[in-house]
Amino acid sequence: TSGLDSQTAWSTCQLMKKLASRGQAILCTIHQPSALLMQEFDRLLFLQEGGQTVYFGELGKGCKTMINYFEAHGAHKCPPDANPAEWMLEIVGAAPGTHASQDYFAIWRDSEEYREMQKELDWMERELPKRTEGSSNEEQKEFATSTLYQIKLVSYRLFHQYWRTPFYLWSKFFSTIVSELFIGFTFFKANTSLQGLQNQMLAIFMFTVVFNPILQQYLPLFVQQRELYEARERPSRTFSWKAFIVSQILVEIPWNLLAGTIAFFVYYYPVGFYRNASYANQLHERGALFWLFACAFYVYISSMGVLVISCIEIAENAANLASLFFIMSLSFCGVLTPNILPRFWIFMYRVSPLTYLIDALLSVGLANASVVCSSNELLKIVPPSGMTCSEYMEPYMQSTGTGYLLDGSSETECHFCQFSSTNDYLATVSSSYSRRWMNYGIFSAYIVFDYCAAIFLYWLVRVPKKSKKLKK
């Protein structure tokens, strides 16, 4: 209460009293308290110069228990209007211009109160270890409230912290808008020619470039929150490590859903994926699916961030590890299909989470539309004499099930496009619209795995473990 006015000091004491009533043990020092404040405390450990105990016990109503002890051992009477705190400092010689009339440390060591206190300490040392764990749920509680309630309060606090210091959020949204808008207008309204399909596929892969910037923005924030928790809240048993790590996960999810929604609008419509969906009469279904995958990708970024930083001390090291995971995942996610990979590396195609994301985004963005080859993409074939282009190319088209002729009745020169449907093009990269929900489920499972692994790794690496007591 040093430097505080009487009202603020009183409010501080009331707060401590409220915490004590909820089961929290309060140990504090108090300087120059008023008589009113002094009465708010239950027990007093009174130390004189040199750290020597002169009293340890109950204060009593109006501090009468403590006053009676000193008066019974030779101290002068405490006036009715005196402040007990100032009076006890005078009798031990701690107040300016005063000196003790006797050695109160020696008196304490020879007092009945000291012997009773020693008996109580001996009993606690002997009996408390014998108590079975859980014999009294209230006494064995490490924290004053349940884990779920802690998660609720800590999440609420963290959400408000994000809202009041929004620099991190603005950075996330700015990176999202600039990156996805740039990609969207780079491939503005790509058509369904062969080159246009290549452009749309490249746009899908470029959609993921925000992974590293957004992840690296989050890691220092997590480190800051972790240092604060481990230095302040954990030692004071304010809330558990479970509440800390789970709240970090929960508060990130809504903001990543919002970032994914922004990315969807500034990317999906400029590239023109909606035109493919409109052609297949699936405008709303495909738009909603693409939005779901965009949001899932941004949540995945957060889950990977929590995973790598949960067990690593330095944000830069965690960012390097996450970048390595991302590069490996992106390298094997579908640019090279499994049938042309060396057998040793096929497993990377299967375990990469981006395999399922890219497969889904490609199929949802491109499927069920017609391919219209540009003039320079048409294959020019001269049919045998007396045969039309349709007659000549029909066996090939039936065997492959794809492609179309620009003029089937021509007998001089055939103009052939090797794909008739975007589904045929997707088949060349092992992508299929029929797997969209399976891909969503698998990709979501990766997110859940990241979060569970992050919680486990934080417990394994950062949470102090209780040592087992040696039995004598």
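Just so it is clear, glycine is given a Cβ too, placed from its N, Cα and C backbone atoms.
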Segment assigned the feature transmembrane segment in TrEMBL (from 27-47, 321-341): 321-341
Number of helical, extended and coil residues in the domain 'ABC transporter family G' (31-126), per DSSP: 45 helix, 13 strand, 38 coil
Remote residues contacting the transmembrane segment (440-461) - C-beta distance under 8 A, at least 6 residues beyond either end: 241-242, 245-246, 249, 289, 292-293, 296, 299-300, 303-304, 306-307, 310-311, 353, 356-357, 360
Sequence-remote partners of the transmembrane segment (289-309) [C-beta within less than 8 Å, at least six residues beyond its ends]: 176, 207-208, 210-211, 214-215, 218-219, 222-223, 226, 245, 248-249, 252-253, 256-257, 259-261, 263-264, 267-268, 273, 315, 318-319, 321-322, 325-326, 353, 357, 360-361, 364-365, 436, 440, 443-444, 446-447, 450-451, 453-454, 457
Same-chain residues at least 6 beyond the ends of the transmembrane segment (244-269) whose Cβ lies under 8 Å from its Cβ atoms: 151, 154-155, 157-159, 162, 169, 172-173, 176-177, 180-181, 183-184, 203, 207, 210, 214, 218, 222, 225-226, 229, 233-234, 287, 290-291, 294-299, 301-303, 306, 310, 451, 454-455, 458
Same-chain residues at least 6 beyond the ends of the transmembrane segment (167-188) whose Cβ lies under 8 Å from its Cβ atoms: 199-200, 202-203, 206-207, 209-210, 213-214, 217-218, 221, 255, 258-259, 262-263, 266-272, 298
